[in-house]
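> The structure that follows is given in the form of structure tokens.
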Amino acid sequence: MEDSIDTAMAVFSDQYLSSNDSLLFNITPTHFPRLPPIIDQTISITTIVILFITMVSLGCTMEVPKIKAHILKPKGVAIAVVAQFGVMPLTAFSLAKVLQLGPVEAVVVLICGCCPGGSLSNILALSLKGDMNLSIVMTTCSTVLALGMMPLLLYLYCQGFSNLESAVPYAGITLALVMTLFPCGIGILINYYRPQYSKTITKVGLSLLLMATVVIGLLAGMTIGGMDLTLTLLSPPLMATAALMPLIGYTFGYVLSYLFKLNGSGRRTISMETGCQNIQLCSTILKVAFPPDVIGPLYLFPMIYIVFQVGEALLLIVLFRVHRRFFKTPKTEKQVYEAVDGNQIHISSV
């Protein structure tokens with residue numbers, strides 16, 4: 001674990017950034033003050049550790065037979081991938097244009113919009129009686145496809161902004177994405193050989209994520225200064241972006257899957273998967289791949305995003321539960337059990 005953290009820190013060190021021509025920024029450093037070295041390193045290590053633990057937890061939810069079953073019938077996964085890498089990046093680009101975000105803010109929002117789905121979407125899909133197999137497979141596929149799709153989408157959408165063509169650290173982002181596959185693979189192996197530990201690891205990972213979010217926020221608030229933090233993160237354009245992005249993702253994910261005639265559980269699953277981004281990956285990329293005087297407190301934007309992401313999802317869950325309780329529909333979903341292999345059972349809804 002310590003070796004992995006040391007490697008990550010070396011990859012994203014200042015020497016590496018300054019020596020790599022692809023990471024030269026033509027965004028002029030802003031007024032953001034540099035964090036004290038100890039605090040800056042503490043936050044960087046914390047974000048990397050939490051990303052590592054989160055991706056191990058994500059891997060613990062993945063089962064090879066379920067992945068194979070959806071690959072053989074890829075309709076749901078194909079729709080989900082189109083929604084993930086079509087709807088969210090376009091939403092981020094459109095909001096950055098409409099709300100006239102500055103160069104740094106636009107890059108931050110684009111990176112957030114191009115991130116793959118996160119493990120939180122699995123919990124939200126479960127709360128909505130979604131198709132858990134589809135949810136887990138979609139998260140898996142989007143994480144793997146992000147290796148190519150995320151740098152490509154960032155390159156394409158940055159063409160729509162002046163002076164942003166070389167402002168994105170593509171090499172650093174690609175390395176961060178590659179690094180996520182290693183802990184994810186560890187989680188898959190744990191789930192395969194020691195499945196009795198998977199649920200515990202997943203719960204611990206989510207608990208540590210919540211605690212780390214609070215700790216990082218407090219450290220940043222104390223060192224950057226409350227006024228700078230408030231003026232930057234809580235500005236109306238950024239708050240509007242954080243509120244609208246997940247809502248648009250939930251809505252268009254549901255509409256797209258409805259148009260392709262997926263069942264109710266599939267529509268709800270793709271809705272959650274589309275609107276939920278991997279904010280742990282986003283925070284880590286923003287913190288370790290950008291110079292502190294360029295990114296400032298904006299690496300905390302994903303934490304603002306997750307507040308709206310979870311809040312809006314909880315509202316949808318409440319509405320869904322109320323609807324199921326008080327309004328009877330002529331067609332009710334029933335679970336169908338389909339054999340995947342000799343030991344696995346696939347549960348779907350029709």
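Cβ from N, Cα, C; glycine included.
Straight from TrEMBL, here's the annotation block:
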| type | residues | note |
| --- | --- | --- |
| TRANSMEM | 43-64 | transmembrane segment |
| TRANSMEM | 76-95 | transmembrane segment |
| TRANSMEM | 107-128 | transmembrane segment |
| TRANSMEM | 135-157 | transmembrane segment |
| TRANSMEM | 169-192 | transmembrane segment |
| TRANSMEM | 204-226 | transmembrane segment |
| TRANSMEM | 238-260 | transmembrane segment |
| TRANSMEM | 302-322 | transmembrane segment |
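If you look at the structure here, what lies around each of the features I listed?
Long-range contacts of the transmembrane segment (76-95) within its own chain (CB-CB distance under 8 A, at least 6 residues past either end) are made by residues 70, 101, 109-110, 112-114, 116-117, 131, 134, 137-138, 141-142, 145, 149, 153, 157, 160, 240-241, 244-245, 248-249, 252-253, 256-257, 260, 262, 266, 269-270, 273-275, 277.
Outside the transmembrane segment (107-128), and at least 6 residues removed from its termini, the chain residues within Cβ reach (under 8 Å) are 27, 54, 57-58, 61, 84-85, 88-89, 91-93, 95-96, 101, 135-136, 138-139, 142-143, 145-146, 149-150, 153-154, 157-158, 164, 167-168, 173, 202, 205-206, 238, 241, 245, 268-269, 271-282, 285-286, 295, 298-299, 301-302, 305-306, 309-310, 313, 316-317, 320.
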> Could you pull out which residues elsewhere in the chain have a CB under 8 Å from any CB of the transmembrane segment (238-260), counting only those six or more residues past its ends?
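Distant Cβ neighbours of the transmembrane segment (238-260) are 75-76, 79-80, 82-83, 87-88, 91-92, 95-96, 99, 101, 105, 109, 112-113, 232, 266-268, 270-277, 301, 304-305, 307-309, 312-313, 316.
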